[in-house]
Amino acid sequence: MTDREGRIGTAGEFALIEELFHRDRSRPADVHAGIGDDAALLAHGGDADWVAAVDTVEEGVHALPGGDAAALGWKAVAVNVSDLAAMGARPRHALLAASLPKDLARERAGLLADGLQEALETWGIALVGGDTVATPGPLALSLTLLGRVAPERALRRDGARPGETVYVTGTLGDAAAGLELLRDPPADWLPAYDLLVERHLRPRPPLAYGQGIAGVASAAIDVSDGLLADLRHLASASGVGLELDTARLPLSAPMGEWSWATGRDPLPLALSGGEDFELVFAAGEEAFEGIHRAKYEADTRFTPIGRVVAERPGEVFGAGVPGESGGYDHFPAEERDGA
C-alpha cells in the first residue's frame, strides 16, 4: 500500500494498519477485542476485564504549532478517555511517552504539564509511569490508558443488528469549526466562537454515558475521525448497513451562529469534521429504558440519527450523505488514474 514512488504517505491509514501491524490474525483466548476496535479488551478472570487504549497528540497534526500548551496536555488524556467511553470502561491508570524539543520553553512545558494533570484529575486517572525523550520536533505526547469494565458488558463495534436505531450524543461539527476559527480568526469575533474553540482545544468525551450504556447498547464507537468515517467503521465491523438521516444531525447554537455569520452550511463539518469525541451507538427497542436512564444519570443528551439495515453491509447511505468516506486520515489514499 504505497504511492507510485514506494512511500507510505498515500497508503490510506487503515489499509496501512492492516498491512503493517495486523499480520497475525490469531488472537489469544484472553484477548476479546484488539486491532479494529476503539481499545483492546483483555479478559482478567476476576470481576472486571482490562481495557487498554493508546493515542498520540502532536503539534502540527492535532494542534496548531505554538498553540495552547495546556490544551495539548488536556487533549492527550481526553482522546484516550473517549476510546474508553466507547468501550463503556472506567479509566484507572496511564503511561505517558513525551517527546519534547530541547528548545521548549520551561514555562510552556509547565503549562503542558498543568493541562495534562488537570485532565488526569478530572477523570480520576493515576499517571504511573512512562518515558521522556528529546526530539528535534515537533512536540508530541503518546498516552496509554488502562481501564476496567465488567465482564460481558463492554461496548464493541461489531454488535449492531438490523432493525436497531443509531444514536449520537452531544452535537457535531463544533470542534472542526473551532479549529477553522483558530486558523483564520475573523475580524468580528462572536462570543459563540469561544465555545467552538473550546470544543476543539479541550474536548470532554461523555465518559459517564458510555459507562451507563455498557451492557445495554448493542454497539458503539467514538466520533474522532468524523461521523461518516466512524459510522463506516461500525457498519463494517457489524456487517450491516447504516441509513443516516442527515436532517436529524444535532447542531449546537454556537454552530448555528457560525453558520449564519459565515454563510456556510454546517453539514460537511458535522459529517466529516472530526474530533467531536462524542459517542455513536446502536440500540434496539429492548434497550430504550436503559439508554434513557443513562441519559439522565449522566446528564447527556442524545439524538436518533438513523437505523441499522441488513442491506449494503459496510456502507452508510441516505439523503445528503456524500459518496466519499470523509473524515480524517493520516495517510489519505492516493487517487488512482481513471478513478
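Backbone N, Cα and C atoms are what each Cβ position is placed from, and that goes for glycine too.
Here is what TrEMBL says about this protein:
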DOMAIN    36-149  domain 'PurM-like N-terminal'
BINDING   Asp38, Asp83, Asp222  Mg(2+) 3 binding site
BINDING   Asp38, Asp83  Mg(2+) 4 binding site
BINDING   Asp55, Asp131  Mg(2+) 1 binding site
BINDING   Asp55, Asp83  Mg(2+) 2 binding site
BINDING   His62, Glu275, Tyr328  substrate binding site
BINDING   Gly130, Asp131, Arg157, Ser224  ATP binding site
DOMAIN    161-316  domain 'PurM-like C-terminal'
BINDING   Asp225  Mg(2+) 5 binding site
REGION    319-339  region 'Disordered'
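Features as recorded by TrEMBL, highlighted on the structure.
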{"residue": "Asp55", "record": "Mg(2+) 1 binding site", "DSSP (3 states)": "strand"}
{"residue": "His62", "record": "substrate binding site", "DSSP (3 states)": "coil"}
{"residue": "Asp83", "record": "Mg(2+) 3 binding site", "DSSP (3 states)": "helix"}
{"residue": "Gly130", "record": "ATP binding site", "DSSP (3 states)": "strand"}
{"residue": "Arg157", "record": "ATP binding site", "DSSP (3 states)": "coil"}
{"residue": "Asp222", "record": "Mg(2+) 3 binding site", "DSSP (3 states)": "strand"}
{"residue": "Glu275", "record": "substrate binding site", "DSSP (3 states)": "coil"}
Tally of residues which DSSP labels helix, strand or coil - the domain 'PurM-like N-terminal' (36-149): 36 helix, 48 strand, 30 coil
Which binding-site residues sit within 10 Å of Ser224 (ATP binding site) - Cα, from Asp55, His62, Asp131: none
Of His62, Arg157 (the binding-site residues), the residue whose Cβ has the fewest other Cβ atoms within 10 Å: His62
Using Cα positions only, nearest of the binding-site residues to Asp83 (Mg(2+) 3 binding site) (Gly130, Asp131, Asp225): Asp225
Of the binding-site residues listed as His62, Arg157, Asp225, Glu275, the one whose CA lies nearest the CA of Asp131 (Mg(2+) 1 binding site): His62
C-beta crowding around Asp83 (Mg(2+) 3 binding site), within 10 angstroms: 27
Rounded to the nearest Å - Cα separation of Asp222 (Mg(2+) 3 binding site) and Glu275 (substrate binding site): 9
Which of Asp222, Glu275, all binding-site residues, has a Cβ with the fewest other Cβ atoms inside 10 Å: Glu275
Ser224 (ATP binding site), number of other Cβ atoms within 10 Å: 23
Nearest-integer angstrom distance between the alpha carbons (Cα) of Asp55 (Mg(2+) 1 binding site) and the residue listed as 'Mg(2+) 5 binding site': 13
